[in-house]
Amino acid sequence: TTTTTTPKSKSTSIDSAAALKHLIALTGGDALYAAALGTYDLSIAYLVGQHASMDPGEYVADLRALQDAPPDLRNAEIDRRLGRHESCVTHLLKGGDVEGACEVAAKRRLFPHALATAKTLALDAATSAAELKKTSATADADAAAPSSDDVATLVAKAYASQLSDERKHEDAAVALLSVGDHEGALRAYRDALCWRPALALAGRMGLSKNARRDIAEELCEALSSFDPSAASRVASEHLGDVDRAVDLCCAAREWRGATRLA
């Protein structure tokens with residue numbers, strides 16, 4: 001059986017160039033160059049620059065700088081230019097620029113996306129390390145394992161810092177708990193005067209009785225001025241100070257509670 005090969009048309013490259021010039025005429029060189037960059041294929045952007053009669057001193061230097069960057073950071077820079085902020089955060093995290101990712105996340109209010117992405121990357125890294133451990137020496141697998149102070153923890157701390165600055169301490173605590181930062185979460189709960197989760201967390205952390213009592217005293221004192229009802233609960237349930245609890249119930253005009261405690 002004879003196989004016939006259809007020869008490539010000589011006009012293919014000419015047709016492609018003509019089509020590209022037609023697109024440039026319709027959309028404009030700058031817009032098409034940006035769209036070409038958006039594919040992350042620098043060769044396409046180069047072709048657009050050529051046929052759009054752009055200044056080679058500008059687009060060639062630009063493409064060379066992008067080409068020299070690590071792939072994920074290159075893509076992040078392209079995303080930044082095009083306003084693709086979520087994708088920019090993702091590529092920065094993949095490229096190891098956690099600080100840069102957090103800056104974009106803070107400015108664009110994308111910390112939930114950044115934290116979810118960081119957790120996914122940490123899970124992928126842990127899975128890869130586990131698979132590597134099965135097929136290679138333990139020492140090699142351990143070297144490939146993610147650090148304990150991993151990306152997700154760094155992102156969560158940055159997110160919690162922003163939330164705390166906005167006086168959203170309880171949300172900050174939840175973000176920190178999601179990555180196992182119990183000490184940071186406890187501080188945030190105390191700042192929020194969320195006495196129930198603060199004292200429950202202190203118990204789960206195994207803090208000493210004196211340490212838990214100090215936290216309860218701090219919370220009771222802070223709550224007394226604007227939420228005497230809550231302060232009364234802390235005084236009775238965690239400090240064992242019935243007289244103080246009764247006084248606080250009276251301040252809150254909770255007569256039944258005061259009678260019950262007395």
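From the backbone N, Cα and C atoms, a Cβ is placed for every residue, glycine too.
What TrEMBL says about this one:
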DOMAIN    8-64  domain 'ELP1 alpha-solenoid'
DOMAIN    159-260  domain 'ELP1 TPR'
Can you give me the average pLDDT across the domain 'ELP1 alpha-solenoid' (8-64), rounded to a whole number?
77
Which residue counts does DSSP give the domain 'ELP1 TPR' (159-260) for helix, strand and coil?
79 helix, 0 strand, 23 coil
